[in-house]
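First comes the structure, then the notes that go with it.
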Amino acid sequence: MSNVKEKTPVGGGCARDVISKTVTVCCRQKVPSCHVFILLLLLLFSLGASHMEFIESHSEFSCEPIRLRMCQDLPYNTTFMPNLLNHYDQQTAALAMEPFHPMVNLVCSADLRMFLCALYAPVCTEYGRLSMPCRAICQRAKDECHKLMEIFGVAWPEDMECSRFPECNEPYPRAEDLLTGSEPTDQSSMTVQRDYGFWCPRELKVDPDLGYTFMGRKDCSAPCPSMFFNQQELTFIRYFIGVVSIVCLSATLFTFLTFLIDVTRFRYPERPIIFYAVCYVMVSLVFFLGFLLEDRVACNAVSLAQFRASTITQGSHNKVCTLFFMILYFFTMAGSVWWVILTITWFLAAVPKWGSEAIEKKALLFHAVAWGLPGALTVSLLALNKIEGDGISGVCFIGLYDIDALRWFVLAPLCFNVAVGVSLLLVGIVALNRVRMEIPLEKENQAKLVKFMIRMGVFSVLYLAPLFTVIGCYIYEHTYRSIWETTWMDENCRRYHIPCPYKVEETSKPAMVLFLIKYLMMLVVGIPSVFWVGSKKTCFEWANFLHGRRRKDGVNESRQVLQEQPDFAQSLLREPNTPIIRKSRGTSTQGTSTHASSTHLAPSSVHSKASYHGSLRRTRDDRSDSLAHRGTPDRNLHGSMPRLDHPLSTHSSLHKMDSYSRHSSQRDISEASPTLITHGTMGSDGQAAEKDGTNA
């Protein structure tokens, strides 16, 4: 294998002799400007020598002839790549050796050249065995060349520290290193048994200032458009995403436009559904734009001059990709938070019996949380430079190649929101079911309550089923990502001329159906919002809107059912034969509160209470008249009634109304005509009811 030749210093001749004598004179006479002159001569000499080398990268991870000019005429003539300093080809090793050319040419140490070649072009020994230089050789070379390296400003590299090498004092190469039975060839199958990890191919390298990372290697990026799918599969996935994004965009946009037709229809506790739909309008819009643009945003362009292939874009240098990421991530997280707020409002309406106005007073807090937390996460990811292009869908997101970002910025927030939302949802459903069991005589309201519970349950299932599927896909991708990358490296290592993986025990590629399900569920999760607005009332509102007619509507049925439920604590503590006293939580826009600290009773609450006991009846049209006579106490058929706007709590006001109406309720029933009073705006029915009360 080896042809032993006499060791001769590289770079001999007149140039070397002149430089050597000049250095000697300068050191003895301490000429001030001599060092600069020597540095220029050596720089020109080393550059000329390096350009004379003929270097080419290895074709396979095997023994190959030494092409480094500094390491010619050694006792061995074959090496292997990657070398002991993890240079994966001889061209990279030659560039790393350039700073040592002056010291080798000046022969500051007899051991320096052999020591450098032992690291940059180690001897290729028998199958599976490595040979490293002794620590004594390293120490002698370092000590003897230390002063000259200081003159040229060259520091001893950390990866060449002598403590890393075995304690011995033998020459390199050893006698057993030269024992082999075959001549080296470029097609040798002698593979070195070492695990070198992933080496970034030249085609996938990017500029260092961009901060890219791929499979643990800096200044490297993944191939675009995809590592795992061919062009035919990519085309099918893209059209699939395009169709689903159009469906989701249509459904969520219909929900939002229905809200704009009548903004008073959807109030709390169902108002968060509208903001939830707005979030997925933006999400589906970004996916649709990604379908139109294909990989023009998510991928870097090919650079033939720099021998670079198309790679996945990372970071915030691509402005359009950054914008896509900000919209997609922000509204995805905001939609998840709005669903949690929706369960909170249902909980407040079902358990502590908060009314619409009481919940609406917390709207500012809801908006601060729903938009603030996703905004903080988005800014954090921008600061960490974690943006990644998705060559499959054409958008930009996180966690596509960075597993840590997927774990902490996608899976953790989604799982936390699901846990909180499901807990509140179950508590609210249980509370509503217990209330339903406590009002067996209220058949109409009981049917409405059951209907509301069914709608709430179906909406939650339609939201949670896709969300759980997306989380499952993310977890599966998080678990098998390393295996997929190892399989890709094993299949493409010879194509990219990089080391192949060591002892591959398991290979696997992702199934296309997994990515189809993931993208489908990411978009389908926004469609359940249209289920909540899908009713005959919505059809009538759209018909009136298209014909130019506006129709004033009453209180939303689901909100009315929640507000007309009896107090839950009262229903549990009442006697078996005691009638349930209903407490309306109010639906007017005058800010009625159900807390004990409230100081006003809304007029709509007065209507509801009066309709239950057969006492005071007043329409909203007469509010202006009543304000003019606040100094005179109002009187009705049964006696006097104190002022309703007196600064008393809601509960005390209701108690006084009960005491005034309880004495004459039997006589009122026989005299007053049966009139049904409902919440909301009262038209001709309210006026007829007032006339009946006046006549009575």
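Glycine is treated like the rest: Cβ placed from N, Cα and C.
Positions annotated as compositional bias 'Basic and acidic residues' by TrEMBL: 618-648 (among others).
For 655-670 (among others), the entry in TrEMBL reads compositional bias 'Basic and acidic residues'.
As annotated by TrEMBL, disulfide bond applies to Cys63-Cys124 (among others).
Sequence annotations record features per position, and here TrEMBL assigns disulfide bond to Cys71-Cys117 (among others). Of all Cβ atoms in the shown protein chains, 26 besides its own fall within 10 Å of the Cβ of Cys117 (disulfide bond).
As annotated by TrEMBL, disulfide bond applies to Cys138-Cys162 (among others). Taking Cβ-Cβ distances under 8 Å and a sequence gap of 6 or more within the same chain, the neighbours of Cys138 (disulfide bond) are Phe115, Met160, Cys162, Phe165.
The domain 'FZ' annotation in TrEMBL covers 58-171.
The domain 'G-protein coupled receptors family 2 profile 2' annotation in TrEMBL covers 234-541.
Residues or ranges marked as region 'Disordered' in TrEMBL: 565-696.
Per TrEMBL, the feature transmembrane segment maps to 36-55 (among others).
Residues annotated as transmembrane segment in TrEMBL: 236-261 (among others).
The feature transmembrane segment is assigned by TrEMBL to 273-293 (among others). The list of residues near the transmembrane segment (273-293) in space but at least 6 beyond its ends in sequence, with Cβ under 8 angstroms from a Cβ of it, reads 238-239, 241-242, 244-246, 248-249, 252-253, 255-256, 259, 266, 324, 327-328, 331-332, 334-335, 338-339, 342, 370, 390, 393-395, 459, 519, 522-523, 525-527, 529-530, 532.
Outside the transmembrane segment (323-351), and at least 6 residues removed from its termini, the chain residues within Cβ reach (under 8 Å) are 268-273, 275-276, 279-280, 282-283, 285-287, 289-290, 297, 358-359, 366, 369-371, 373-375, 377-378, 381-382, 387, 395-398, 413-414, 417, 420-422, 424-425, 427-429, 431-432, 435, 456, 460, 463, 467, 522, 525-526, 559, 562-563, 568. If you look up TrEMBL, you'll see 323-351 (among others) marked as transmembrane segment.
Summarising the annotation, TrEMBL assigns transmembrane segment to 363-385 (among others). With a threshold of 8 Å between CB atoms, the same-chain residues lying at least 6 positions outside the transmembrane segment (363-385) that come near it are 211, 268, 271-272, 275, 314-316, 322, 325-326, 329-334, 337-338, 341, 344-345, 398, 405, 409, 413.
Sequence annotations record features per position, and here TrEMBL assigns transmembrane segment to 405-432 (among others).
Per TrEMBL, the feature transmembrane segment maps to 452-477 (among others).
Annotated transmembrane segment per TrEMBL: 511-533 (among others), in sequence order.
Same-chain neighbours of the transmembrane segment (405-432): 333, 336-337, 339-340, 342-344, 346-347, 349-351, 377, 380-381, 384, 386, 398-399, 449, 452-453, 456-457, 460, 464, 467-468, 470-471, 474-475, 477-478, 565, 568, counting only residues six or more beyond its ends whose CB sits under 8 Å from a CB of the stretch. The least crowded of the disulfide-bonded residues Cys63, Cys162, judged by other CB atoms within 10 A of its own CB, is Cys162. Remote same-chain residues near the transmembrane segment (511-533) are listed as 229, 233, 236-237, 240-241, 244-245, 247-248, 251-252, 254-255, 258-259, 266, 270, 273-274, 276-277, 279-281, 283-284, 287, 332, 335, 392-393, 455, 458-459, 462-463, 466-467, 469-470, 473-474, 476-477 (criterion: CB distance under 8 Å, separation of at least six residues from the stretch ends). In this structure the C-alpha atoms belonging to Cys71 (disulfide bond) and Cys63 (disulfide bond) are separated by 15 Å.
Other C-beta atoms found within 10 angstroms of the C-beta of Cys124 (disulfide bond) number 28, with every protein chain shown included.
Between the C-alpha atoms of Cys117 (disulfide bond) and Cys124 (disulfide bond), the distance comes to 12 Å.
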